[in-house]
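Engineer: First the structure, which I've put down as structure tokens, then a few questions once you've had a look.
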Number of protein chains: 2
Amino acid sequence: MSDSLKVALLGCGTVGSAVLRLLSEQADDLAARVGRRVEVAGVAVRRPDRHAGVPAELLTTDAEALVTRDDVDLVVEVIGGIEPARTLLLAAIGAGKSVVSANKALLAEDGVALHAAAADAGVDLYYEAAVAGAIPLLRPLRESLAGDQLRRVVGIVNGTTNYILSRMAETGAGFGEALAEATEAGYAEADPTADVDGFDAAAKAAILASLAFHSPVRSSDVYREGIAAVSASDVARAAEIGCTVKLLAICERVAGEDGDTIAVRVHPAMIPTTHPLAAVGGAFNAVFVEADAAGELMFYGQGAGGEPTASAVLGDLVAVARNRLTGAAGPGTTGYAGLSVRPMAETPTRYHVSLDVADVPGVLATVAQEFAAHGVSIATVRQDGHGDAATLVIVTHRAPDAALATTVARLREMDAVRGVTSVLRVEGLS
Amino acid sequence: MSDSLKVALLGCGTVGSAVLRLLSEQADDLAARVGRRVEVAGVAVRRPDRHAGVPAELLTTDAEALVTRDDVDLVVEVIGGIEPARTLLLAAIGAGKSVVSANKALLAEDGVALHAAAADAGVDLYYEAAVAGAIPLLRPLRESLAGDQLRRVVGIVNGTTNYILSRMAETGAGFGEALAEATEAGYAEADPTADVDGFDAAAKAAILASLAFHSPVRSSDVYREGIAAVSASDVARAAEIGCTVKLLAICERVAGEDGDTIAVRVHPAMIPTTHPLAAVGGAFNAVFVEADAAGELMFYGQGAGGEPTASAVLGDLVAVARNRLTGAAGPGTTGYAGLSVRPMAETPTRYHVSLDVADVPGVLATVAQEFAAHGVSIATVRQDGHGDAATLVIVTHRAPDAALATTVARLREMDAVRGVTSVLRVEGLS
């Protein structure tokens, strides 16, 4: 090992540039904290001519050669996406380099294989920046809470959708209008699919569930609904019952007759305005954790952006650099519990349903009977008459999601029901 | 090393009992997470006859013999207080044992010596439970944010005082009444001095400042004011200006002409109700962190209690056990920055001052002149006349604390000022 630790940086976009800048600006502090200087050995990019701020001798288009270079100790990957990131990280790990990644998609897709490779090679694989940006979250889950049993992890982990839903709540706008505003303000990408349809949150949910429950969970295991179908009416109905609408990533341990399973899902939900997550506005992220002994915890901060993400990358970099010097790898992930993922249809959820009905005697009884027929117990009903019509606002107790969905489908077919004006799941009600 | 890792437990009160129970209940999970079974080698207590629930063969009154026993790998200290905890931990470290402690008083008093001893012996010294109970906080500061520059750490780190202040705000009660209620409810001890006078929070502030700024800070370096002087009037005045009163532990990096210093202080302060810390009610704890790159972060959860504290102890225990197996010690603390602690008199703060004055022309000018004479700039003034009297509510800009205190002392002597009805520092205003 040379006198300094050498870092190969893969990718030099918003996050990569911030990592480079911080490595330079804080070189002395980092050296003191690590115990040795940390230097950049090279920066792999596709178009070297677009990175005028990076010393030319560091730039290379041959990422594969860079990650396996003898003088490289650590590899930082901020390319994103599955390939070529996967091939490069496996090559780096195979060559004995420790790896820091911000790549949620890759970790959620292939975390098991990457962890196995890292364990075989005796190197580190850290990825704090992959979930909730700058918020220290994965390390607390992996380490601080390693002596506890987690019950539930519920997070607002996508800033774009939280910004859109916050604007809808503030202005009464519909989804389309709020999305346009988010795009204008730079909070949504030109193609907002990954955020709006919940793919980004689902990848993060898979990573959180894997760590929280010591069981392998992949993006494709995560039930996913985006926010494109959330209407101004949904947001208004939520406010009427003291709730607000958030896109939640929910990872729960569910007790069952055949042992515990885990439910992992991403969908919009109404939560009480008194819930700590309800106050998380704009592009902020927050994750709420329930553990047997620790009780309720919450972590809050900026979930995206070059600097915050770079802060998380550098925290990991200091950790793997220290481990490099002591010759020990940090704790890997463990899939020892091997809990299986429960199908969404069998996952217990609660629904809020608002109905326009004919204001004639017996409607409530008919509607209530439909819920009962599917084994769904009703928690609260509010009925408001106006003219010959009435509005029914129903919040259920927990029931298997399929039973709730089927009930709603049947309600839509009932003669007495003129329209279903809002259906959303409800979380966080006692 | 034997087939299992052996733990010596020092103390078996509320926290110790919870640690023992969790070690037993979660033995299989802990073994999977650590990679080896973790067993209790012995429990040192003063009165063995008072621990009927602990197997008799584990109990001992000879703590010193226990911590140096050859078969003991790890020592967990939950006695609290300076002695005999210090002697025992130094003996354990000297004998090559890794140590987990929940002892804020000891760490804040002698953390430097303990860390030095641990580094010399190549063992771990972890103490997540010492600050903010179950909230993962020290590990994020030590590790997750190790690549960032911290600006400020502001926390509600004492549940007893937060409960009392919350009740005062909710009911309008005075301090004495709210304290009696807290005692009744089990949130305050029979002798509440350590909590109410801020000693507990000051020890935690010293630990937080040491880690945040990589500089040694002891309890005695921390400026400290408790909440006994907070009146119902202070709480009411706070509400009038959109604030709430909290006992804050504040650790800040302050730029100065001769380089940076750190200001560490514990005192009641008004904070805006829109600040994330304002919503932290009852006996909960929360810590707000500002870092250059990460931006604003908040950590929230239960700050005390047997189970939450035991969760933090067990998280540390898993970490030091894993390190034991890999043969590497985790990162110690570093005092490399060596920043000195700024005297409170020179620390920039903001004051809120409410005055009863004679409602005659020129009073505001006279009062304003007094602030100006001490170099204190006024941010806002509100004047409400009633009869021949008026109320002046003044919030200042930042100025050296001594200048503010002197100004208030002079105001009290002014003929035009009939009474100073409330003086409190203000934090978190933009």
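Just so it is clear, glycine is given a Cβ too, placed from its N, Cα and C backbone atoms.
Taken from TrEMBL, the feature NADP(+) binding site covers B:L10, B:G11, B:C12, B:G13, B:T14, B:V15, B:G16, B:S17. Residues or ranges marked as NADPH binding site by TrEMBL: B:K104. Annotation comment: TrEMBL describes B:E189 as L-homoserine binding site. The active site, proton donor annotation in TrEMBL covers B:K204. As annotated by TrEMBL, domain 'ACT' applies to B:352-425.
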Engineer: Applying the rule Cβ within 8 Å of the centroid of the Cβ atoms of B:L10, B:G11, B:C12, B:G13, B:T14, B:V15, B:G16, B:S17, what extra residues of the same chain belong around the NADP(+) site?
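Structural biologist: What remains near the Cβ centre is B:L9, B:A18, B:V19, B:L20, B:V78, B:I79.
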Engineer: What's the number of neighbouring CB atoms sitting within 10 A of the CB on B:L10 (NADP(+) binding site)?
Structural biologist: 25
Engineer: With a 10 Å radius around each C-beta, find which of these recorded positions (B:K104, B:K204) has the fewest other C-beta atoms nearby.
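Structural biologist: Counting other Cβ atoms within 10 Å of each of the recorded positions B:K104, B:K204 gives the minimum at B:K104.
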Engineer: Starting from the Cβ of B:S17 (NADP(+) binding site), draw a 10 Å sphere and report how many other Cβ atoms land inside it.
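Structural biologist: 20, counting other Cβ atoms within 10 Å of B:S17 (NADP(+) binding site).
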Engineer: Can you tell me which of the binding-site residues B:G13, B:V15, B:K104 is spatially closest to the residue listed as 'active site, proton donor'? Compare CA atoms only.
Structural biologist: B:K104
Engineer: I need the least crowded one of these binding-site residues (B:G11, B:G13, B:G16), counting other C-beta atoms within 10 angstroms of each C-beta.
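Structural biologist: Lowest Cβ count within 10 Å among the binding-site residues (B:G11, B:G13, B:G16) is B:G13.
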Engineer: Average the per-residue pLDDT over the domain 'ACT' (B:352-425) and send me the rounded value.
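Structural biologist: That stretch averages a pLDDT of 93.
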Engineer: Check the residue listed as 'active site, proton donor' against DSSP and tell me helix, strand or coil, would you?
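Structural biologist: Helix, per DSSP.
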Engineer: Rounded to a whole angstrom, what is the C-alpha distance between B:G16 (NADP(+) binding site) and B:K104 (NADPH binding site)?
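Structural biologist: Roughly 15 Å, rounded to the nearest whole number.
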Engineer: Give me the CA-CA distance between B:L10 (NADP(+) binding site) and B:E189 (L-homoserine binding site), in Å, as a whole number.
Structural biologist: 22
Engineer: In Å, rounded, how far does the Cα of B:S17 (NADP(+) binding site) sit from the Cα of B:E189 (L-homoserine binding site)?
Structural biologist: 19
Engineer: If I take the alpha carbons of B:T14 (NADP(+) binding site) and B:E189 (L-homoserine binding site), what is the distance between them in whole Å?
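Structural biologist: B:T14 (NADP(+) binding site) and B:E189 (L-homoserine binding site) have their Cα atoms 14 Å apart.
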Engineer: Long-range neighbours only, meaning 6 or more apart in sequence with Cβ under 8 Å: which ones does B:V15 (NADP(+) binding site) have?
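Structural biologist: In sequence order, B:V78, B:A102, B:A129, B:G306, B:T309, B:A310, B:V313 meet the Cβ cut-off.
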Engineer: For the binding-site residues listed here (B:C12, B:T14), tell me which residue's CB has the most neighbouring CB atoms inside 10 Å.
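Structural biologist: In terms of Cβ crowding, the pick is B:C12.
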Engineer: Taking the Cβ of B:E189 (L-homoserine binding site) as the centre, how many other Cβ atoms fall within a 10 Å radius?
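Structural biologist: There are 13 of them.
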